[in-house]
Amino acid sequence: MLSEFFNSLASFFSNIFSLFEGKKDTRILMIGLDGAGKSTLLFKLKLGDVVLTIPTIGFNVETIVYKNLSMTVWDVGGQHKIRALWKHYYHGTNAIIFVVDSTDRERMDEVKEEIDNLLIQDELKGIQILVLANKQDMNNAMNTAEIVNSLNLNSIKDRKWYVQPCSAIRSDGIYEGFDWVANSLNNK
């Protein structure tokens, strides 16, 4: 029953946004563990500023027009108890942005487990994945090669994937990541 409610709610919001935009939206699912910086990244893109955020309980949704695409970005909370609800946001997803706290080496196994779980979902079959390696402004941030190795991304053969180092605070790498998403979707 709860599952049906969340599916209906997600469809409702997508349809409402489509009416206002006058065209079909591209649906982007932005997920990652708690504290990775998903909401900070989303609001930086939408508003151009760093906004003080609190942990997302549920979701944030924003429509961003970028590279001739109207992207409805669903930022879903990453706390352990909320991750079970991610599946309710899969339907109709065109791309996944998985935000990683690249300073949190202790949780990379947990990140890998969540990405591996996404890869086996029928509703996400073949859907491209952008890994935004956030918090690159910190001295102890993992580089791209370390992220790729920690998450065993080279084993992914059934879809496009890309790792973009970024810093939500400094705006570094965010637009390059969204360029990759936009170009990949435009070339489908």
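Using the three backbone atoms N, Cα and C, a Cβ is placed for every residue, glycine included.
Swiss-Prot lists 34-40, 75-79, 134-137 with the feature GTP binding site, giving similarity to another entry as the kind of evidence. Here A36 (GTP binding site) comes close to G78, V99, V100, D101, D104, N134: these same-chain residues lie at least six apart in sequence, with C-beta atoms under 8 angstroms from its C-beta.
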## Note on the structure
Most isolated by CB count within 10 A, of the binding-site residues D34, K38, T40, V76, N134, is D34
### Task
Provide the number of Cβ atoms within 10 Å of the Cβ of Q136 (GTP binding site), excluding the reference atom itself.
21
